[in-house]
Every structure is written in C-alpha cells, then in structure tokens.
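Participant: One structure follows; several queries about it will come next.
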Amino acid sequence: MSSISTLNFNSSGFILTGFPGLEIDYLWISIPFTSIYAIVFLGNCLVLHVIRTEPSLHQPMFYFLAMLALTDLCMGLSTMYTVLGILWGFIQEISLDACIAQSYFIHGLSFMESSVLLAMAFDRYIAICHPLRYSSILTQDKIMKIGMAILCRSTLLIPPVIIRLKFLNYCRPHILSHSFCLHQDLIRMACSDIRFNSIYGLALVISNLLLDAVLILVSYIMILHAVLAIASQEERIKSLHTCVSHICAVSVFYIPIIGLTMVHRFGKHLSPLVHVLMGSIYILFPPLMNPIIYSIKTQQIRRRVQRLFYLKGGRDWLK
C-alpha cells in the first residue's frame with residue numbers, strides 16, 4: 001500500500017483507470033473493445049476509400065464526410081494504445097508528456113468533429129435553401145478554405161491551455177478517471193493555480209462545442225422553414241431525407257458529451273465504472289456509428305460499398 005501511495009504522489013507517471021472491479025475479466029472485455037476499434041478503422045477507411053475512388057462522390061457533401069471520417073479515424077488512433085494496452089495488460093501508467101499529448105489530440109479532434117458537423121449543416125442549408133446557387137457557393141476553393149479554417153480552429157486555440165499542464169504541480173494522487181487522458185482530469189490533480197486553465201477551457205467549450213451546437217440548431221430551423229414552404233409533400237420528404245444522416249451524426253456526437261457532462265457534474269456518488277463507461281462511449285461511439293450511419297442512410301455511399309463488395313466477392317468466386 002505504501003509503494004502505491006508513493007507512486008501516486010511522487011511519480012511523474014499517471015495511473016490509467018481501466019474497469020474498476022472487473023480486472024479479472026479484462027481478457028473478455030478486450031474482445032468487444034478490439035472489435036469496436038477494428039470497425040472504427042475499417043469503417044472509416046472504407047468511407048474514405050469510396051469517396052476517393054468514386055468520381056460521382058467528388059461533391060461538397062462528401063468532401064465534408066471525408067473530413068468527418070478522417071477525424072474519427074484519428075480519434076480511434078489517439079486512444080487505442082492506452083485503452084487496449086490496459087485491457088491486454090501492456091500498460092498501467094502513462095508519463096506526463098504522453099498524457100498531455102493524448103489530451104491535446106482528444107480535445108482537438110473533438111473540437112474538429114464539432115466544426116465538421118457545423119460545416120455539414122451549412123452544406124445542407126445551402127443545398128435546401130439555395131439549391132440553384134449550391135455549386136457556385138460551395139466551390140472546391142471554398143471547401144479547402146473551410147477545411148483549413150476547421151484545422152486551424154481545432155489545433156491553434158488549444159495549445160495555451162494544454163502547454164500550461166506541463167508546468168503545473170501535481171501533488172494529489174496520480175490516478176486518472178479513464179483509460180485515457182483528459183484536460184479536466186489533469187487539472188483535478190494539480191495543486192497549482194488552475195484559474196487560467198479553468199477559464200480558458202470553459203471559453204473553448206463555449207466558443208466551440210456550444211456555439212457549434214447553437215449554429216447547427218439555427219441552420220435546421222431555417223431548413224425546416226424552407227421545407228415547410230415547399231408545396232409538394234413528396235418534395236418535402238425528399239429534402240428532409242437528405243438531412244437524416246447528418247442529424248444522426250450530430251446526435252451520436254452531442255448526446256455522449258451531454259451524458260458525460262451530467263455524470264461528472266451530478267454523478268459523483270455513482271460507481272467509478274459508470275464514469276469509465278461514459279468516457280468510453282464519448283470517445284468511441286461517434287467514430288463507430290458515423291460510418292455505419294452514412295453507409296446505411298446515404299444512398300450513394302451504400303450503393304458504392306455494395307458494388308465494391310460485390311466485385312470483390314465475384315473475383316473471389318471466379319478464383
């Protein structure tokens with residue numbers, strides 16, 4: 001016990017929390033998590049491959065979808081080492097530098113996904129409310145500028161608060177709440193003045209996640225207003241159907257964030273296992289579900305995927 005206490009307070013490393021109380025079942029628990037990561041990588045790579053190789057998908061809507069798939073792919077890569085490392089028994093501790101780096105990627109990619117979802121909402125707004133000007137507004141040049149703006153917004157605003165983590169004094173037990181590193185977890189263990197991190201971090205959340213959610217909501221209010229003005233019910237349904245995939249993607253991104261926030265804010269009395277599960281859902285649910293959603297709900301993607309597997313299956317049969 002004394003050695004663990006010494007490690008918790010004096011070591012430069014941080015102990016990663018797996019699934020409290022289920023340590024003997026890690027081998028079995030690793031099977032679904034390994035499967036989830038495999039689906040995340042294969043699903044998002046498949047979406048990227050289909051968009052890259054199919055000329056008919058070289059349109060603004062699918063360029064934004066490619067950005068979303070790439071973001072989800074990177075999110076999986078950023079957490080796989082620690083999550084599966086714990087379950088497979090390879091690691092239990094992570095250094096401060098590695099923890100800060102992982103925290104940067106997790107939060108940066110989360111902000112990036114929010115920004116891409118906002119860009120996709122803008123795309124749907126232009127397609128439905130200004131269909132005749134769609135191709136002139138969303139040119140390839142403007143899409144590249146939007147992509148660069150998303151990248152800069154997600155990567156250049158975070159370093160001030162992340163870099164400061166390196167210079168904090170961590171005197172409380174070095175035990176993380178999850179199988180990966182989050183900014184809020186690190187500042188919870190610090191004894192230094194964390195007002196800058198708290199205020200700046202809150203400002204980032206408001207100016208990124210909250211603002212994006214509000215703008216997405218406003219865009220759909222305007223889309224709904226435009227759709228209701230269409231005389232034909234068939235055209236209304238057709239217009240709204242083009243938004244179904246995006247609405248699902250927004251839901252699988254924001255619902256886990258809201259759930260994790262509620263658990264952290266009001267669920268302090270809950271089992272640590274609940275916190276770990278909510279954190280895992282927050283990290284893995286969007287990258288897992290987005291390729292499935294777009295492969296099922298988007299006709300162009302679904303047909304191209306079916307054709308891809310049909311051709312491969314036919315070649316294998318011929319062999």
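Even glycines carry a Cβ here, placed using N, Cα and C.
Copying in the features that TrEMBL gives for the protein in this structure:
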TRANSMEM  26-51  transmembrane segment
DOMAIN    43-294  domain 'G-protein coupled receptors family 1 profile'
TRANSMEM  63-91  transmembrane segment
TRANSMEM  103-122  transmembrane segment
TRANSMEM  143-163  transmembrane segment
TRANSMEM  199-231  transmembrane segment
TRANSMEM  243-267  transmembrane segment
TRANSMEM  273-294  transmembrane segment
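Thinking about packing and proximity, how do these listed features fit into the structure?
Facilitator: Distant neighbours of the transmembrane segment (26-51): 18-19, 57-58, 62-63, 65-66, 69-70, 72-73, 76, 80, 83-84, 86-89, 280, 284, 287-288, 290-292, 294-295, 301, 304-305, 308; these residues of the same chain sit at least 6 beyond its ends, with a Cβ under 8 Å from one of its Cβ atoms.
Confidence across the domain 'G-protein coupled receptors family 1 profile' (43-294), taken as the mean pLDDT and rounded to a whole number, stands at 90.
Non-local neighbours of the transmembrane segment (63-91) in the same chain are 16, 18, 26-27, 29-30, 33-34, 37, 40-41, 44-45, 47-48, 51-52, 102, 105-106, 109-110, 112-113, 116-117, 119-120, 123, 143, 147, 150, 179-181, 249, 280, 283-284, 286-287, 290-291, 294, 298, 301; each lies 6+ residues outside the stretch with a CB under 8 Å from one of its CB atoms.
Residues 61, 64-65, 67-68, 71-72, 74-75, 78-79, 146, 149-151, 153-155, 157-159, 162, 165, 180-183, 186, 204, 208-209, 212-213, 215-216, 219-220, 246, 249-250, 253, 257, 283, 286 of the same chain lie 6 or more positions beyond the ends of the transmembrane segment (103-122) yet place their CB under 8 Å from a CB of it.
For the transmembrane segment (199-231), the residues of the chain that approach it from at least six positions outside its boundaries are 107, 110-111, 114-115, 117-118, 121-122, 124-125, 128-129, 153-154, 157-158, 160-161, 183-184, 187, 239-240, 243, 247, 250, 254, 257, judged by C-beta separation under 8 angstroms.
Tertiary neighbourhood of the transmembrane segment (243-267): same-chain residues 68, 110, 113-114, 117, 120-121, 124, 128, 184, 209, 213, 216, 220, 223, 274-275, 278-279, 281-282, 285-286, 289-290, 293-294, 297-298, selected by CB-CB distance under 8 Å and a gap of 6+ residues from either end.
Within its own chain, the transmembrane segment (273-294) has Cβ neighbours under 8 Å at 17-22, 33, 36-37, 39-40, 43-44, 46-47, 65, 68-69, 72-73, 75-76, 79, 83, 106, 113, 177-180, 182, 245, 248-249, 252-253, 256-257, 259-260, 263-264, 267, 301, counting only residues six or more beyond its boundaries.
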Participant: What residues elsewhere in the chain lie close to the transmembrane segment (143-163), defined as a C-beta under 8 angstroms and at least 6 residues from its ends?
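Facilitator: Distal contacts: 60, 63-64, 67, 100, 103-104, 107-109, 111-112, 115-116, 119, 183, 196-197, 200-201, 204, 207-208.
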